[in-house]
Each structure stands twice: as C-alpha cells, then as structure tokens.
C-alpha cells in the first residue's frame, strides 16, 4: 500500500508532486491500493480551499486514489496510542516549559554540544505527576538501540539512540505532533512503502521507533527522493514561483509535460518524451540518482512544446478555449511559443484587433484583394495572385500582408505559415 500525504498549508510544491507521481506509479506496478491522506493537524497553518485544490491538481495529473483520509479525523486513535505508551512506561509526561528548554539549548550551544533532552521529567514519580497542575506534553523515551532501515535510493541507514532522543509525540493541547500522527496513521491504514523527500530522512527513525514501541511488526520500506535544487544549484525555496505546481499550470504548462519532466529528474529513462501511463511500464525506483536534481525551466518548456504537439486537435482546441479548429495553427506556433498562455497570445494577435497605422492605405487595398483572391494550393501561387490583384510590391506588400495575417511585423516565414492559416484568411480579410 502506497500513500501521498500532503498538508493543506500552501501551494503544492513540485517536490511533493514528484513524490505523488512516484508513489502512484509504484502502486500501479504492484497492483496495490493508493491512499491520499490530508495531514491537517497543524490547524494554525491550514489554508481554506487547499484540501480541494490538492485533489483537483492530482486529478489533472491523472492520479486517482482508492482511499481518502483526513488526519484530524484520527485524533481519537492518536490519543489512545499515546495513552497506551504512557501506561506501558514507554512514554512520559514532560512539564518542562519553553523557557526552561530554551535555556538548556543555549547552554548546549555555548558548550558547542548538540542539544539532547536531559530526562528531567522522565524520572518523576507517579505522585509528582499527579500533583503537578502545569500543562504538559508527552515524550516517547529514546530507543535503547540504533534504528536501522533500508532505503531503496540511499541504501541502509542507521541512527543512534542519542540522535533520536526522547521526543514529543503529543502537544500540551492534546494534539499529536507530525511524526506521531504520521506513524500511527501509516499503521492504521496499512501503508507498506513510504516514498517522500529526503528532508524527511530524520523523521523516519522516529516513526520507526514509534511503531516499534507500539509493537507494530509489519515491515515498512522506504525511498527518500533527492531534493530539487533551483537553477542556481541552491535549495529551491517555496517563494520561487516555479516551485509551485499551481503556478506552472497557470503559466500554460501541461500536466503531462510537468509529470514527464519530474520523472526525468535524476532518472535513467528509455526515452525523453513519455506519458504517465508509459512510465508505469518501465519506471524503476532503484535507478533514481542519490544526487540532488537541478530544476531547468528551459528544459521543462521544451518538453511542454513536444507535449502540445502530441495533443489531438479536439483536446488542444478545448485547452485554447476556442470554437475554431486552431490546433494546426497552434502547433505550428510552438516554434515560437512554449506554453498555452503564449500560444493564446499569438492567436489573439492573429484574430484580434490590429494596428494598421503605418500601412493603413496598403492594408485596405490588401484586404480587398484578399476578398477576391483565390486561395491557391501553394503560398507562391497565392502571393503572385495577391500581388497582381493589389498592385503592391516590396515592403508595401509584405509588411501590411504580415500585419493583416498575423497582427505583427515580424514572425515565422509566411510560406511556412500559409498552410496552417489558409482556412482563416478570408475571415481575417473581413476583420477591421
């Protein structure tokens, strides 16, 4: 069982989408169920509407799920599990205040030592706990031995007990911490393989320790995906526009192109251009590189042009939101435009209002000639017929013709454009 577990706290990051795609692919390859779980326990950071947005984005990418969970609905189970750990003396109430803990952290910093919880409240007697009226958190006792697990990408990893420490599993407001809620939910939902970003590597031994403390024996496998760097080779910030899946889609990049690009990153693939369904046939998790991958917007745009060309005419016309059959014309313009937004701008220039002021007289003559002109098979025949009918030549012919046909004084060669524009030339001649 595989799962994708995003938080509704902001725009979906491309790193999260990459994890969703790979989890989905692996679930399809193994013919097992795929879970979508919304991790919403951090109420202060949740943003209204983001849960629905996550679902809509996944559907756009062709990702479906068999089970849907909202983490906050499991709160009673989180509390039950925490109580079980306390009753078995595997966890304890901690009354240390933020000020007290911060003072100890500062002392460790001054001593040039890593901070570790010193076990102050772990040694409290039952009567001391009962008589203490201060707010408390619940901490899980650190493990007695190293936590080891195998990662499909990184190999075997090992974390010593002191590096896991006695960590908080329930906050003072009786809500679970991320690691505790995540570990318990994965148990309850029967997750067997966790694929996520390598920023979660330090969370994995804690979650393994939680499940072991709850006597959960089902084996869990892992893959921690290398981070995606920005174009300068630095960790990509959420403030960078193209780290947002929503921004990429709104910019006119097709979901199929984004998926294609993310599955190419740090991967050995049999071809460069492919669909999600095709990737399911050959994707191999173990072939992913351990090294971080660098985001390349130019490469993504190149892939987007190829995916636009592969669309059938009906689908492309629908994406362009036109009742005309502009697919052939749009595909021709992918030599200049890389996104749906840019293609719409090109098409709007052709079919929208035009600026004829520099060649106003010539444009009127050309329009009249175009109305009378027979649309020949070849551009050269069409051009000669139009020159004959208009009496124009040289710059006074070609510049206004380009403006009438494209709305611009520069662009692709008219002889190359002609076959794609031919069905609309009479319409353009009648436009003001």
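The backbone N, Cα and C atoms fix where each Cβ goes, and this holds for glycine too.
As annotated by TrEMBL, Zn(2+) binding site applies to 94, 96, 121, 126. In this chain, none of the residues that are 6 or more apart from residue 126 (Zn(2+) binding site) has a CB less than 8 Å from its CB.
Taken from TrEMBL, the feature ATP binding site applies to 238. According to DSSP, residue 238 (ATP binding site) is assigned to coil rather than to any helix or strand. With a 10 A radius on its CB, residue 238 (ATP binding site) counts 11 other CB atoms from all the protein chains.
Taken together, the residues of the domain 'Glutamyl/glutaminyl-tRNA synthetase class Ib catalytic' (3-300) have an average pLDDT of 96. Sequence annotations record features per position, and here TrEMBL assigns domain 'Glutamyl/glutaminyl-tRNA synthetase class Ib catalytic' to 3-300.
What TrEMBL records for 321-417 is domain 'Aminoacyl-tRNA synthetase class I anticodon-binding'.
Listed as Cβ neighbours of the motif ''HIGH' region' (6-16) (distance under 8 Å, sequence separation of 6 or more from its ends, same chain) are residues 38-40, 42, 45-47, 50-51, 53-54, 57, 197, 225, 227-228, 236, 238, 242-248, 258, 262, 295. The motif ''HIGH' region' feature in TrEMBL is assigned to 6-16.
Summarising the annotation, TrEMBL assigns motif ''KMSKS' region' to 235-239.
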Quiz prompt | Which same-chain residues, if any, lie at least 6 apart from residue 121 (Zn(2+) binding site) yet have Cβ under 8 Å of it | solution = 92, 93, 94, 95, 96, 136, 139
Quiz item: Out of 94, 96, which of the binding-site residues has the smallest number of neighbouring Cβ atoms within 10 Å?
Solution: 96
Self-check item: residue 94 (Zn(2+) binding site) in three-state DSSP notation
Solution: strand
